[in-house]
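Residues annotated as ATP binding site in Swiss-Prot, with sequence analysis given as evidence: G14, P15, T16, A17, S18, G19, K20, T21. Residues or ranges marked as substrate binding site in Swiss-Prot: T16, A17, S18, G19, K20, T21. Positions annotated as region 'Interaction with substrate tRNA' by Swiss-Prot, on the basis of sequence analysis: 39-42, 163-167. Taken from Swiss-Prot, the feature site 'Interaction with substrate tRNA' covers T105, R127, and the record attributes it to sequence analysis.
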Amino acid sequence: MGIDRRPLAIAVMGPTASGKTATAIALAKQLDGEIVSVDSALVYRHLDIGSAKPDAAERAQAPHHLLDLRDPWQTYSAAEFAADAGRVVADIVARGKTPILAGGTGLYFRALLQGLSPMPEADPVMREALSTEAAERGWAALHAELAKVDPAAAARIHATDPQRIQRALEVYRLTGTPISEWQRRPGVAPLPVRTLKLILAPRDRAVLHQRIEARFDAMLAQGFLDEVRALRAMPEMAAVTAPLDLPAVRAVGYRQAWEYLDGEGDAARFRDKAIFATRQLAKRQLTWLRGELDARWFDPHVDGERLAGAVSTFVAR
């Protein structure tokens with residue numbers, strides 16, 4: 001087998017609250033690299049505290065890319081991300097640096113490392129119709145409908161993942177072709193890099209749950225609710241007829257905060273709902289990550305030396 005001469009990239013993957021930001025910064029310093037965010041919440045301006053977006057001190061330690069690309073009332077597709085990330089990675093490589101792809105959005109990672117099928121663009125009218133149906137029937141009913149027209153997609157998409165249910169049904173209703181079929185068609189090519197996939201996750205699930213809870217309490221102390229109040233006060237957000245359908249507001253924590261500020265439940269109930277939703281997100285992320293068969297798993301708080309050794313070995317190849 002010949003030598004793989006493609007440029008090197010490091011993918012730092014993992015569930016929420018697993019330590020990806022700190023690890024990515026450490027690797028960027030070790031490899032003279034630059035960090036490319038692979039996170040669907042971090043593309044939105046004004047979503048800082050609740051998204052755990054790297055702060056000014058963290059950004060000062062290494063260059064960061066693909067943060068703050070859109071306003072919260074706008075949308076941003078996986079195809080747009082793949083195009084933007086492709087340009088950024090090409091520029092990083094051209095300057096002799098190492099791209100550090102860091103985040104927890106599985107669709108974005110698949111778009112980068114496996115390519116993206118040429119699916120139709122989002123249709124606001126269809127999305128609004130699906131949201132109205134969900135309000136009347138519930139997302140579980142729409143998931144059951146998806147299972148009838150696209151069993152393969154329904155098997156991959158959890159019944160509590162409204163954004164992906166909506167997208168799958170949107171594509172089917174617009175084209176008459178299941179999204180699983182679209183995903184098999186050639187489209188955007190994967191990045192022309194050789195990639196070391198690192199998955200960060202505590203060995204003990206209870207430890208991850210504790211970190212999620214502690215981090216959310218820290219976000220509350222930092223002013224997360226005030227951040228959401230400021231979002232709600234923006235004229236552009238106030239003009240949106242169904243703000244809970246916006247991808248930015250659907251982000252874990254933001255949706256629960258929005259509902260709380262709408263008068264749903266008390267502060268304790270809001271906290272419990274947000275922490276539960278974050279744990280469910282972590283569960284879905286771990287399910288996706290277990291399918292990454294060519295990845296290396298590490299507990300960043302235990303396996304620091306082993307992780308550094310794996311990176312050094314890969315780079316030296």
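Each Cβ is built from the backbone N, Cα and C atoms, and glycine gets one as well.
Remember, predicted model here, so these are calculated numbers, not experimental data.
Rounded to a whole number, the distance between the Cα atoms of T105 (site 'Interaction with substrate tRNA') and A17 (ATP binding site) is 13 Å. Listed in chain order, the residues near the ATP site other than G14, P15, T16, A17, S18, G19, K20, T21 are G104, L200, A201, each with its Cβ within 8 Å of the site Cβ centroid. Long-range Cβ contacts of K20 (ATP binding site) within its own chain (separation 6+, distance under 8 Å): V12, M13, G14, A102, G103, G104, L200. For T105 (site 'Interaction with substrate tRNA'), the nearest neighbour among the listed binding-site residues (T16, S18, G19, T21), judged by C-alpha distance, is T16.
In the structure as shown, the Cβ atom of G14 (ATP binding site) sits within 10 Å of 25 other Cβ atoms. By neighbour count, meaning other C-beta atoms within 10 Å, the densest spot among the binding-site residues T16, S18 is S18. DSSP assigns P15 (ATP binding site) to coil in the three-state reduction, outside any helix or strand. Listed in sequence order, the residues G14, P15, A22, A52, G104, L200, R211 complete the 8 Å Cβ shell around the substrate site centroid, once T16, A17, S18, G19, K20, T21 themselves are left out. Around the Cβ of R127 (site 'Interaction with substrate tRNA'), the same chain contributes Q166, E170, D245, each under 8 angstroms and 6 or more positions distant in sequence. For the binding-site residues P15, G19, the largest tally of other C-beta atoms within 10 A is found at P15. A simple way to gauge crowding: the CB of A17 (ATP binding site) has 23 other CB atoms within 10 angstroms, across all the protein chains here.
In the predicted model, residues of the region 'Interaction with substrate tRNA' (163-167) average a pLDDT of 94.
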